Amino acid sequence: MDSAVALSVLGAGSYGTALAISLARQGQPVLLWGHDPQQVARLQQDRCNQEFLPDVPFPDSLQMTDDLAYAVSASRDLLVVVPSHVFGEVLLRIKPFMRPDTRVAWATKGLEPEHGRLLGDVAKEILGEQIPLAVLSGPTFARELAAGMPTAIAIAGTDEQFTSDMSALMHCGKSLRVYTNPDFIGLQIGGAVKNVIAIGAGLSDGLGFGANARTALITRGLVELQRLGLSLGADAKTFMGMAGLGDLVLTCTDNQSRNRRFGLALGQGKTVEQAMTEIGQVVEGYRNTKEVHVLAARQNVEMPICEQIYQILYQGKSAQDAALALLGRDQKGE
């Protein structure tokens with residue numbers, strides 16, 4: 001890398017902190033930016049993220065700042081880890097401070113609010129076509145990643161050298177394996193749609209439908225994910241990898257997933273507001289559901305599971321009626 005700071009991680013939530021810890025544990029000088037000065041002060045004082053990852057101390061090479069200009073200018077390479085609904089806003093904020101050689105990656109999973117555009121398209125529009133871009137995606141829970149448990153993810157980008165550099169930087173033979181993938185579109189789609197299907201898996205379990213129903217939902221959800229991705233030019237093989245099947249299975253089957261827990265609460269009779277309060281963190285799938293609905297309509301792609309989840313979250317349909325609507329669809333070949 002070209003600077004003393006190997007990477008600036010922008011976003012001090014659970015996942016951003018976990019990625020920063022994983023990198024810094026290898027001895028890499030990493031800078032973690034948070035937007036809240038009080039939170040950053042607590043991180044600096046406690047040398048851990050008491051709110052999200054209280055059992056994982058920060059490595060010595062991990063430093064924190066609330067100064068965005070410093071964080072952006074301190075490293076050639078930036079890793080943005082913020083909720084999808086503020087992704088564009090954060091890029092607008094960092095643009096004035098970017099170096100001539102800045103390269104931008106993100107681990108945000110989702111689509112542009114309201115319009116349902118890929119985050120890569122948002123980044124190109126804001127930062128320019130010439131900036132090297134990359135996206136990280138795959139089956140990763142923050143707590144396990146931060147604790148150094150074995151994890152594998154995928155990375156794709158617009159610039160082969162940047163993708164290779166980021167993969168080498170993040171790869172750790174003891175805990176984190178990073179696979180490069182040429183499918184920049186597919187990795188973005190996988191990370192957004194799996195959140196919606198995970199809500200559905202939680203709903204199914206909350207309704208008491210059992211393992212058969214959950215597995216059918218995951219399997220057909222993968223078909224919907226692939227269908228949307230192919231309409232945008234993605235590679236079908238991507239959806240059998242880390243950012244497709246891998247992330248989908250993880251998010252749909254483990255209660256560390258906020259999206260699954262959100263759906264579980266809804267299936268047990270809680271309102272959207274009550275379920276959100278119960279989770280206490282951003283549930284990306286809630287917004288992703290509307291965004292996927294918009295994108296699927298624009299692409300003229302049929303996504304019946306995602307559509308029923310949209311109707312539950314945004315049109316007041318009961319989970320029971322949504323299940324009946326899916327089961328009552330016309331018979332067809334697999």
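Along the chain as shown, the residues are counted starting at 1.
Any Cβ shown, glycine's included, is placed from N, Cα and C.
Look at Swiss-Prot and you will find Ser14, Tyr15, His35, Lys109, Ala142, Arg258, Val282, Glu284 tagged as NADPH binding site. A simple way to gauge crowding: the CB of Tyr15 (NADPH binding site) has 25 other CB atoms within 10 angstroms, across all the protein chains here.
The Cβ neighbour count for Asp247 (sn-glycerol 3-phosphate binding site), using a 10 Å radius and every protein chain shown, is 29. Per Swiss-Prot, the feature sn-glycerol 3-phosphate binding site maps to Lys109, Gly138, Thr140, Lys194, Asp247, Ser257, Arg258, Asn259; the stated evidence is sequence analysis.
Annotated active site, proton acceptor per Swiss-Prot: Lys194, in sequence order. DSSP assigns Lys194 (sn-glycerol 3-phosphate binding site) to a helical segment in the three-state reduction. Cβ environment of Lys194 (sn-glycerol 3-phosphate binding site): Lys109, Gly221, Leu225, Gly244, Asp247, Leu248, Thr251, Cys252 lie under 8 Å away, each six or more residues apart in the same chain.
Proximity of Glu284 (NADPH binding site) to non-local residues of its own chain (separation of 6 or more, Cβ distance below 8 Å) is seen for Pro83, Ser84, Lys109, Gly110, Asn195, Arg258, Asn259, given in sequence order.
Least crowded of the binding-site residues (His35, Lys109, Arg258), judged by neighbouring Cβ atoms within 10 Å of its own Cβ: His35. Taking only the Cα positions, the spacing between Thr140 (sn-glycerol 3-phosphate binding site) and Val282 (NADPH binding site) is 16 angstrom. Cβ crowding, taken as the number of other Cβ atoms within 10 Å, peaks at Ala142 among the binding-site residues Ala142, Val282.
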